[in-house]
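Read the structure below first, then the notes.
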Amino acid sequence: MEPFTQSLHFLFFLLILLLPNILVYRTLADGVTTDEARQLRDEVREMFYHAFDGYMEHAFPLDELRPLSCGGEDSLGGYALTLIDSLDTLALLGDRERFASSVEWIGKNIQFDINKTVSVFETTIRVLGGLLSAHLIASDYATGMKIPSYDNQLLNLAEDLARRLLPAFDTPTGIPFGSVNLLHGVDEHENKITSTAGGGTLTLEFGVLSRLTNDSIFEQVTKNAVLGIWARRSKLDLVGAHINVFTGEWTQKDAGIGTSIDSFYEYLLKAYLLFGDEEYLYIFQESYAAAMHYLFNDPWYVEVNMDSAAIVWPLFNSLQAFWPGLQVLAGDIDPAIRTHAAFFSVWKRYGFTPEGFNLATLTVQQGQKSYPLRPELIESTYWLYKATRDPRYLAAGRDMIASLQFGARCPCGYCHISDVEFHKKEDHMESFFLAETVKYLWLLFDLAVGPENLVENGPYKYIFSTEGHLLPATPQISLAKEHCSYFGAYCKIGDSKEKSGTLDVSDDPQETNGSKVFGDRSHTGFPSDSFLGSIPATGLIKQGFCPGLTHGQKYGITYLASEDVSTTQKESTAVQSHSVVVVSDQLTIYSPSKSQSDDNDAQT
């Protein structure tokens, strides 16, 4: 009977997707006042220090905190991982004393010539990214957090670490091994299978390092890895989840936006925004269009076979929750709003987002009931509030704080939730809780009360790494290839035709934030195809002049001022003509307005 039951569940899932005219129900949370937003911001600050102080008192210099038993554990390499991951959050909060003392301790005590086999991906985003972000803050007077005694210690550590990771890239495909020994390189028996995210989410950290050290090798190897993955995409412009780094064969052909693939998409767009490399933009446009065409079942995303587009996994997994935030950066606001509402309805149902939620049975996926303090939904909440100033996102943030405070707070920090249905706590706290989760919550409410922080009011526009580290669009990083502007040289970049270096972005809210229909694969869905789709390549550069940062590099998102959008407009933007099903405990299920025939065509 079990296969028959599963078939019924799957048919129910398809029925939900196909129903065209289901009554629309929406519930709006109470608004958050300015005074309450200020109190919530201060509460998030206290949350950070409860966990950070717990780590420093009970776990430091081990990697991570055991918040229930008030102990510590080495989980990555044994080099004070949580402290390194927390550095730029300390700076963001304006804690000069602890930021300076932490930077000084790391510069004097951390070394990487150790016999440890580490994850290339995790070490890059947590450790390398943390060191680089803190270096860029500590070395620059313009940030207001410069440390007078600082002498590039963190940059030197970052370069040493990255060179120890380089042997992982020595493969026939250019896609790196998943792990490397910091002392001996890649073991001869190392697993040759790696994830798409693991191989394609290294460009920001390595690229910044290349610009800071004037050594192009770091940027070259990580871009080669991205190109190696993209070259092996399917005819549908989809990539799978796992690949053999020697043969280039896909060992898992499930295509999605979540587990094992998620940040591959993220770094394509962010590498373009930070470095201005239009090759990343082109790949992002193609891959994003394919994802919206084959994976998007409005407002959910499913996993499909990368060759046939046949649905293989009707599952919402928690790592998908970054996607609305990425769509904000791309200017595709409307689907981001709908998807965030659907994802948040899962949070409201359980108090947290489980690692997996089955869209066919509308239940937590067996074996994926945990919530390891992930930041992705909070991150998207921050970006959507920044783009729309819609108070619903403050209300969502308030609910998230309540869940963490009442469900995850432990004596010395915040605990993993091993089962979201029963809120059972587990004695572990990942370093990203301090690097990302509380950071995005604090930024959300600081933005609401009138921001006074490095990100919103600092000297640069920042790109957040996938670990939430702050990477500034400084001239040294973002204009590295346009050095002629500093020397008054006569240089030629791109073709010989002189083109405009400016980008015209309409002030019309319908144009700048409107969503496009993705039925036509040739349409990327970006607003009027102008925000990202038609940014001109640099042409002939006249003496003493090079184009500055693009609009995307300057602003990060297409910003829509709150006074330009009425409450009525925001209400209609959120739902448009899409149908909604609401179950009794506020779980929101949408059915798509587009036809499923596209998927059927792809399978024939």
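Here the Cβ of each residue, glycine as well, is placed from N, Cα and C on the backbone.
Predicted automatically and left uncurated, TrEMBL annotations should be read as such.
In the shown protein chains, 19 other C-beta atoms lie within 10 A of the C-beta of E122 (active site, proton donor). Residues or ranges marked as active site, proton donor by TrEMBL: E122 (among others).
Cβ-based neighbour count (10 Å, all protein chains) for D262 (active site) stands at 24. What TrEMBL lists as active site is D262 (among others).
Proximity of E355 (active site, proton donor) to non-local residues of its own chain (separation of 6 or more, Cβ distance below 8 Å) is seen for N317, S318, Q365, Q368, K369, S370, Y371, P372, given in sequence order. Summarising the annotation, TrEMBL assigns active site, proton donor to E355 (among others).
Sequence-distant neighbours of E376 (active site) (same chain, 6+ residues apart, CB-CB distance under 8 A): S318, L319, Q320, A321, F322, G325. Marked as active site by TrEMBL: E376 (among others).
Taken from TrEMBL, the feature Ca(2+) binding site applies to T466.
Residues annotated as signal peptide in TrEMBL: 1-29.
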Proximal but sequence-remote residues of the same chain as T466 (Ca(2+) binding site) (Cβ under 8 Å, at least 6 apart): I125, T201, L204, S263, E266, Y267, F322
Integer Å distance between the CA atoms belonging to E122 (active site, proton donor) and D262 (active site): 14
